[in-house]
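S.K.: My structure is below; once you've seen it, I'll send some questions.
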Amino acid sequence: FMSLNSAALSHAPYFLLTGIPGLEKEQFCIAFPFCIMYAVAVLGNITLLLVIKAELSLHEPMYLFLAMLAFTDLVLSTSTLPKMLSIFWLGSGEIGFLSCLVQLFFIHTFASMESGTLMAMALDRYIAICHLLRLSSNLSLRVVVALGSLVLVCGVLLVSPFCFVLHRLPFCKHHIISDSYCEYMAVLKLACGDTRVSATYDLFVAFVLTGSGVTLISVSYTLILRVVMRLSSTEARLKAFSTCASHICIILPFYVPALFTFLTHRFRQSIPLHIHIMVASLYLLLPSVLNPIIYGVRTKKLWERVV
């Protein structure tokens with residue numbers, strides 16, 4: 001009982017988020033483009049959700065997955081940007097211990113949901129192009145709902161141990177987080193004691209999410225490319241390429257910064273800290289901004305409904 005009580009007392013009442021180390025003077029100006037991007041992300045994703053909900057003709061697998069992606073982006077950006085802007089503009093870097101765990105839970109859970117949704121969209125494109133006649137039977141509304149539920153449950157189950165581990169660890173070092181939001185490894189580095197098991201589990205989760213996502217998407221698009229190149233109609237090839245190009249334009253802004261952030265958090269050597277923090281911040285915001293723009297503009301059926 002005494003050891004548990006002392007561990008509980010060693011929890012920091014709050015953490016102090018520094019924002020972007022090395023750019024403290026520039027943070028006030030940096031906040032303006034971040035605020036504009038956040039406004040575009042909120043407006044764009046809410047518009048997509050309302051249009052897809054209102055138009056029965058858009059209740060197809062591709063658009064339902066896009067609605068899932070829009071909802072995920074809304075949660076991801078809203079979990080980080082308001083607090084980030086308060087740090088940049090007001091210098092309000094304090095965040096309570098439990099609030100930090102809640103933010104961490106939402107960020108990692110919905111980042112995993114984004115990865116899962118992108119995998120589901122790649123599967124949908126593969127079936128739509130390579131097995132067109134089986135699309136309605138394979139990806140019915142029930143299957144789409146089941147896939148969405150599976151993605152959510154997997155995200156919660158994989159990320160929940162992060163919060164339980166951090167809640168039980170004592171924090172006897174300084175409580176300053178050199179970041180603009182609560183990220184698992186950044187918080188774990190402040191804990192006392194042996195954290196090797198926790199760090200190993202983090203590597204496992206990152207490998208499962210990122211590794212499986214990149215692998216499945218790469219295989220899907222390799223098979224799609226093989227089928228598309230065999231099409232006799234030039235118009236059909238261009239249409240298939242256009243559809244896939246939209247998805248690839250969404251995948252790259254998510255996975256490239258995600259891999260960069262993951263590697264620099266664990267193996268950073270010569271990369272300046274402010275560059276790492278900037279990329280990590282954009283990793284959560286940039287897909288939320290680009291997704292509704294790319295799909296809204298490049299998808300004719302959706303663009304007509306938006307207009």
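Using the three backbone atoms N, Cα and C, a Cβ is placed for every residue, glycine included.
Straight out of TrEMBL:
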DOMAIN    44-295  domain 'G-protein coupled receptors family 1 profile'
TRANSMEM  30-51  transmembrane segment
TRANSMEM  63-81  transmembrane segment
TRANSMEM  87-111  transmembrane segment
TRANSMEM  143-167  transmembrane segment
TRANSMEM  203-228  transmembrane segment
TRANSMEM  240-263  transmembrane segment
TRANSMEM  275-297  transmembrane segment
S.K.: Any contact between the transmembrane segment (143-167) and the transmembrane segment (275-297), i.e. 3 or more CB pairs below 8 Å with pairs at least 6 residues apart?
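M.R.: Taking Cβ pairs at least 6 residues apart, the transmembrane segment (275-297) and the transmembrane segment (143-167) are not in contact, as fewer than 3 fall under 8 Å.
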S.K.: For the domain 'G-protein coupled receptors family 1 profile' (44-295), what's the mean pLDDT in this predicted model?
M.R.: 81
S.K.: Can you name the far-off residues of the same chain, 6+ from the ends of the transmembrane segment (275-297), with a Cβ under 8 Å from a Cβ of it?
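M.R.: For the transmembrane segment (275-297), the far contacts come to 19-21, 34, 37-38, 40-41, 44-45, 47-48, 66, 69-70, 73-74, 76-77, 79-81, 84, 107, 111, 114, 178-181, 183, 246, 249-250, 253-254, 257-258, 260-261, 264-265, 268, 303, 306.
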S.K.: Taking a Cβ cut-off under 8 Å, which residues six or more beyond the ends of the transmembrane segment (63-81) line up next to it in the same chain?
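M.R.: For the transmembrane segment (63-81), the sequence-distant neighbours (Cβ-Cβ under 8 Å, at least 6 residues beyond its ends) are 34-35, 38, 41-42, 44-46, 48-49, 52-53, 103, 106-107, 110-111, 113-114, 117-118, 120-121, 124, 141, 144, 148, 151, 180-181, 250, 281, 284-285, 287-288, 291-292, 295, 302.
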